[in-house]
Amino acid sequence: MSNVRAQAAHTLYHVVDRGVSLSAALPRYSRDLNPKDKALMQQICYGVLRYLPSLEFYCQQLLDEPLKGKRRVYQFLLYVGLYQLIHMRVPEHAAVGETVNALKAMRAPGLKGLVNAVLRNFQRQRDELEAAATQIDACKYNHPSWLLKKLKRDYPEHWHTIVAQNQAQAPMWLRVNQRQYTCEQYAHLLSKQGIEYSQFADYQDAIKLKKAVDVQKLPEFFAGASSVQDAAAQQAARLLGAQDGEYVLDACAAPGGKTCHILELADAKVMALDCDAERLDKVRANLQRLHLDAELVCAQAQDTESWWQGQQFDRILLDVPCSATGVIRRHPDIKWLRRHSDIDELAKLQGQILDAIWPLLKPGGTLLYATCSVLSEENQEQMKAFFTRHSDAQHSPLHEQDSIAQPGWQLLPGDTDGFYYAKIIKQ
Ligand SMILES: C[S@@+](CC[C@H](N)C(=O)[O-])C[C@H]1O[C@@H](n2cnc3c(N)ncnc32)[C@H](O)[C@@H]1O
């Protein structure tokens, strides 16, 4: 039988040192665990990634030198032990004992003394170490320095709140398939199943659950009655506003959350394009579960000559690849997988996709630009640059009260994920 803490250390090593995403690493390393241990491993991995800089700092202070090379994975086991001591309601002796025991499963019993000593020394020196960590911004806020700098620049008044939200657990939102149920009807089904919710009138198709549940427990989930999607992401289809009979392009579509929502709201003809064939399979599966249909195309969106047949679209959704800095609380690995240099590269790619796709929109048509980023390079600045390059593009307010001068709508992580939307009309 696999050991939870050992498997968590392997997962974290692969995410942080090898650049594997948490969503890919978790299933791989938790395969042989029972459901309870799987949940515990997930909790530990999310937690360590949320608090990585401070855990690294404590180890740096407590070890003569960091564990390197083949021993690197044991450094992550130390983070697992420290995380349990600091942030989990595990009795301290159990946190230390279980972490030391994991070395047996990792075939490194020789390191028992070292792991035990580091964790015990942390317990003894905890107050001083925690006080020292708060003197370093990256450890105090548990974010990479480059990201903190950008958040402070873009949100001089709100960066604290964003950082705090990034450390929190995200709520679970459902999107009710309006072809099958109204929110009220589905909420009733949830109640009958004993699932508690709080409904939000602002978000037309969305229901927030009080506590996350396995989708298997959701009423008629496999019959297509609902989907799991954050309420901010649910704004896309509503803002795009596709009408029956229209030809719509969803240019970065996988795994298809927004494609399906567009089709739930209108009898439109949708082309769902993505450059990742495996991710397109997920679009296919989602369409099937929801009894919807779209044309699926695997291509680079900006490489229009390779896939576009010449018929212009009435509406285009561009949910571009981005830093995902608006969804850090759902994917804490983003803080460590993203690099400062990625932001300029992503902004460049987003600009290229925008420019390549723009001629494919009919005059009078609508393009909705979307990111799950909170960084201005990918959002407001991207839009500003786009409008200077395209004189036939006109910014359209998303809500009646919006000012024309400020293109776009920036949602910050809180009740919903962080998202950005800008609506552009072609003249
Ligand atoms: C933010 S995700 C899209 C999420 C999706 N719209 C949804 O709601 O489920 C961005 C997607 O863009 C795809 N992508 C990245 N670069 C691309 C490119 N050059 N052309 C087309 N798709 C691209 C990625 O594979 C990824 O699936």
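Keep in mind that glycine also has a Cβ here, set from the backbone N, Cα and C atoms.
The S-adenosyl-L-methionine site recorded in TrEMBL comprises C252, A253, A254, P255, G256, G257, K258, D274 together with one of D202, D205, D314, D319, namely D319.
Averaged across the domain 'SAM-dependent MTase RsmB/NOP-type' (162-427), pLDDT in this predicted model comes to 95. Comparing local CB density within 10 A for the recorded positions C252, C372, the maximum falls on C372. Note: the S-adenosyl-L-methionine site is recorded as C252, A253, A254, P255, G256, G257, K258, D274, D319; in the same chain, D250, T259, A272, R279, V283 also have Cβ atoms within 8 Å of that site's Cβ centroid. K258 (S-adenosyl-L-methionine binding site): 23 other CB atoms within 10 A of its CB, across all protein chains. In the three-state DSSP scheme, K258 (S-adenosyl-L-methionine binding site) is classed as helix.
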